[in-house]
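A.B. asks: Dropping the structure in here first, questions after.
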Amino acid sequence: MKGVHFLVAFLFLALASSFASASDPSPLQDFCVALNDTKNAVFVNGKFCKDPKLAKAEDFFFSGLNMPGNTSNQLGSKVTPVNVEQVAGLNTLGISLARIDFAPYGGLNPPHTHPRATEGLIHFQFNIGNTNAIAFAGLSSQNPGVITIANAVFGSNPPINPDVLAKAFQLDKNVVKYLQSKFWWDNN
């Protein structure tokens, strides 16, 4: 008799569970293509989102990583960023990349940091070879940003008091003023 009760209970549960549904009524959004137009858009993670039904392949594409950057400059390097500004489909994905081209004999990507990425320690890249070099960097942010240390310290606007920099770096005040004169450009 116990077996019959067990069988009836089992059949009852089997029938009842076939009527239950345990899924989300609307699946999570996989992507949020960035959009500059705020009309009828949703704001997510620093950018507005395009209606997912309007997403196109071009929203996830960047051409140019196969093209060498122009390294004929004072540093001998060229960084080609690929972040949410270049590829709208990277919005909310927490990833971006960069191509860095280096001239031979000392091409330099100067000491810098990325304030919105986990690669936040001060770092640099330097080509010690006698041929052109290339590097690809992956970053843990859709918009990692970059702060070049020399620009931030000696090219800040308003400038940092030379007495402060002289004491902090243990330099003569005239050396600090000379370094500050080299960084007159806007460091956005």
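In case you wondered, yes, glycine gets a Cβ from its N, Cα and C as well.
Owing to the predicted nature of the structure, the values given are computational and were not obtained by experimental measurement.
Below are the features listed in TrEMBL for this protein:
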{"type": "BINDING", "residues": "N109, H114, E119", "note": "oxalate binding site"}
{"type": "BINDING", "residues": "H112, H114, E119, H123", "note": "Mn(2+) binding site"}
{"type": "DISULFID", "residues": "C32-C49", "note": "disulfide bond"}
{"type": "DOMAIN", "residues": "63-177", "note": "domain 'Cupin type-1'"}
{"type": "SIGNAL", "residues": "1-22", "note": "signal peptide"}
A.B. asks: Return the single residue from the binding-site residues list (H112, H114, H123) that has the minimum number of other CB atoms within 10 Å.
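C.D. replies: Each of the binding-site residues H112, H114, H123 was scored; lowest Cβ tally within 10 Å is H123.
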A.B. asks: Just to verify a number: CA distance, H123 (Mn(2+) binding site) to C32 (disulfide bond), in angstrom, no decimals.
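C.D. replies: Approximately 31 Å lies between the Cα of H123 (Mn(2+) binding site) and that of C32 (disulfide bond).
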A.B. asks: Taking every protein chain shown into account, which of the disulfide-bonded residues C32, C49 has the largest tally of Cβ atoms within 10 Å of its Cβ?
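C.D. replies: The residue with the densest Cβ neighbourhood is C32.
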A.B. asks: Below 8 Å Cβ to Cβ and six or more residues apart, same chain only. Which residues does that give for E119 (oxalate binding site)?
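C.D. replies: Spatial neighbours, sequence-distant, of E119 (oxalate binding site): A137, L139, S140, P144.
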A.B. asks: Please work out the mean pLDDT for the residues of the domain 'Cupin type-1' (63-177).
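C.D. replies: For the domain 'Cupin type-1' (63-177), the model's average pLDDT rounds to 95.
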A.B. asks: From the Cα of C32 (disulfide bond) across to the Cα of H114 (oxalate binding site), what is the distance in angstrom?
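C.D. replies: Spelling it out, the Cα of H114 (oxalate binding site) and the Cα of C32 (disulfide bond) are 23 Å apart.
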A.B. asks: What other residues of the same chain, not counting H112, H114, E119, H123, have a CB atom within 8 A of the CB centroid of the Mn(2+) site?
C.D. replies: T113, A117, G120, L121, I122, P144, V146
A.B. asks: For the oxalate site given as N109, H114, E119, which other residues of the same chain have their Cβ within 8 Å of the site's Cβ centre?
C.D. replies: A98, H112, T113, A117, H123, A137, L139, P144, V146
A.B. asks: Under 8 Å between C-beta atoms and at least six apart in sequence, can you list the same-chain neighbours of N109 (oxalate binding site), or say none if there are none?
C.D. replies: L75, S77, V79, I100, F102, F124, Q125, F126
A.B. asks: Using C-alpha atoms only, work out the spacing between H112 (Mn(2+) binding site) and C32 (disulfide bond) and round it to an integer in Å.
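C.D. replies: The separation of the Cα atoms works out to 29 Å.
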A.B. asks: Just to be sure I understand, if DSSP states are collapsed into helix, strand and coil, how many residues of the domain 'Cupin type-1' (63-177) fall in each?
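C.D. replies: Its residues fall into 22 helix, 32 strand, 61 coil.
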